[in-house]
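Visitor: Below: one structure in structure tokens.
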Amino acid sequence: MANLLSYVLFLALRTFAAPPESIQVWPGGLTPAPGDLGNDTVGPSLVPPPGTSKHAPHSIIIGVRKGGTRALLEMLDIHPEVAAAATEVHFFDWDENYAKGFEWYRDQMPYSYPNQITVEKTPGYFTSPVAPARIHAMNASIRLLLILRDPTERVISDYTQVYFNRLENHKPVQAIENMLVKNGALNTRYKAIQRSLYDVHMRNWLQQFPLEQIHIVDGDTLIHDPLPELQRVERFLHLPPRIVASNFYFNQTKGFYCIRSDGHERCLHESKGRPHPPVNSTVLRQLRLYLRQHNRNFYRLIGRTFNWQ
């Protein structure tokens, strides 16, 4: 008996004396609550909370670039039954990632509880010619979120992002008019303009998915009055209503709404909401005129209109 007690004591001491690197816990030593999992990355030295696992997305924010996809994901992540992927995966639009297979894709998703849905966002999907068929091959019944804004403003925002990125990397920049005009005419091959041809890209998606599976979020409205748009998203995703007005507050300094959740406040990155450069009025008029017919085509496709100039 004495030998048995000594052996048990030895095992207990060895367990509690284990080196710290062999003990796998979440940061802070706490198992996060369901709503805290969304943007956590689990490294090799961490174990997921009991009862969680990784799943392919139940819903994907497919675009559009500079349409408000990050704001939509951050705001949707308030919901306790949403687990949001932390980064843009670019699985369905980049061949090198798609070649890695669905298991690799699923492994990029966050850990989630059984009552949560996983949401991924990659804005490049909307304008990709191959993404619709690839997503359909994964899940023909998936629910897609598409956030759009005034296509002219989106073009200018697209240019602004590239402009500041080039400045930060000490690369030469050009005035926006030099990008919008080529040989005296509107440069319709400019990528920023191509991304704003919503009707062209929407046709590709409607070849794979019925309109009922694509919920369009008004990005201009989301900026000024986020709650109604998010409540519509909750209903589309069959989520119980959990997002409320107190989850948002207007930041006077930044000029847009920030998020308040679980006792914490956060705003989008400083790269969001940058002021747009002034654009020559004649060039701006040409751009709006060119996009107007595409907007009308888009309205007919979706049976809905927007207050785009």
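Using the three backbone atoms N, Cα and C, a Cβ is placed for every residue, glycine included.
Here TrEMBL flags LYS66 as active site, for sulfotransferase activity. Summarising the annotation, TrEMBL assigns 3'-phosphoadenylyl sulfate binding site to LYS66, GLY67, GLY68, THR69, ARG70, ARG149, SER157, TYR257, LYS272, GLY273, ARG274, PRO275, HIS276. Annotation comment: TrEMBL describes CYS258-CYS267 as disulfide bond. Under the heading domain 'Sulfotransferase', TrEMBL lists 57-261. Marked as signal peptide by TrEMBL: 1-17.
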Visitor: I need the CA-to-CA distance for ARG274 (3'-phosphoadenylyl sulfate binding site) versus LYS66 (active site, for sulfotransferase activity), whole Å please.
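Guide: The Cα atom of ARG274 (3'-phosphoadenylyl sulfate binding site) is 11 Å away from the Cα atom of LYS66 (active site, for sulfotransferase activity).
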Visitor: In this predicted model, what is the average pLDDT of the domain 'Sulfotransferase' (57-261)?
Guide: 97
Visitor: Which recorded positions are spatial neighbours of LYS66 (active site, for sulfotransferase activity) here, meaning Cα within 10 Å, out of SER157, CYS258, CYS267, HIS276?
Guide: SER157
Visitor: Relative to the Cβ of CYS258 (disulfide bond), which residues of the same chain, six or more apart in sequence, are found under 8 Å away?
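Guide: Those within reach of CYS258 (disulfide bond), by Cβ under 8 Å and sequence separation of 6 or more, are PHE248, TYR249, PHE250, ASN251, GLU265, ARG266, CYS267, LEU268.
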Visitor: Only counting partners 6 or more residues apart, tell me which same-chain residues put their Cβ under 8 Å from the Cβ of GLY68 (3'-phosphoadenylyl sulfate binding site).
Guide: ILE147, ARG149, VAL217, GLY219, LEU222, ILE223
